[in-house]
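Per Swiss-Prot, the features are as follows:
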BINDING   His2  Ni(2+) binding site
BINDING   Cys73, Cys76, Cys89, Cys92  Zn(2+) binding site
Amino acid sequence: MHEMAICMGIIQIVEEKVRERSSSRVRSVCLELGTLSHAAPEAIRFCFAVAAMRTVAEGAALNIVELPGVAWCMSCSKSVEIARRGDCCPCCGSYQLQVTAGEQMRVKALEID
């Protein structure tokens, strides 16, 4: 389950930002998660709750903003939304797609006391 390693990294980022601001607690974390990132949102939620135990993030809400997968079709020269790798172009049916967005994962915002 690589989601636990991801959440441990998120907690490290959160703790670093809390130290920088001399704060003591995190109320919420906003995470942008691309649909092509290979991370399951529900697994991320579960692992975040476990990873946050006994840290400044314990009890913090995790808000996940899911970002769509986007690819450039080399056949019809259009930017198209895709649900997963291996999908065909919804415009022309070609499989010659280059992923341009949807693989990202980042901490977008923190609400800190």
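Here the Cβ of each residue, glycine as well, is placed from N, Cα and C on the backbone.
Remember, it's a predicted structure, so these values are computed and weren't measured experimentally.
Feature map: annotations from Swiss-Prot on the structure.
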| residue | record | Cβ contacts under 8 Å, 6 or more apart |
| --- | --- | --- |
| His2 | Ni(2+) binding site | His38, Ala39 |
| Cys73 | Zn(2+) binding site | Ser79, Val80, Cys89, Cys91, Cys92, Ser94, Gln96, Leu97 |
| Cys76 | Zn(2+) binding site | Cys89, Cys91, Cys92, Ser94 |
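Excluding Cys73, Cys76, Cys89, Cys92, which define the Zn(2+) site, the same chain contributes Met74, Ser75, Ser77, Lys78, Val80, Pro90, Cys91, Gly93, Ser94, Gln96, Leu97 within 8 Å (Cβ to the Cβ centroid), listed in sequence order.
Counted over every protein chain shown, other Cβ atoms within 10 Å are most numerous around Cys89 among the binding-site residues Cys89, Cys92. Cys73 (Zn(2+) binding site) falls within a strand when secondary structure is assigned with DSSP.
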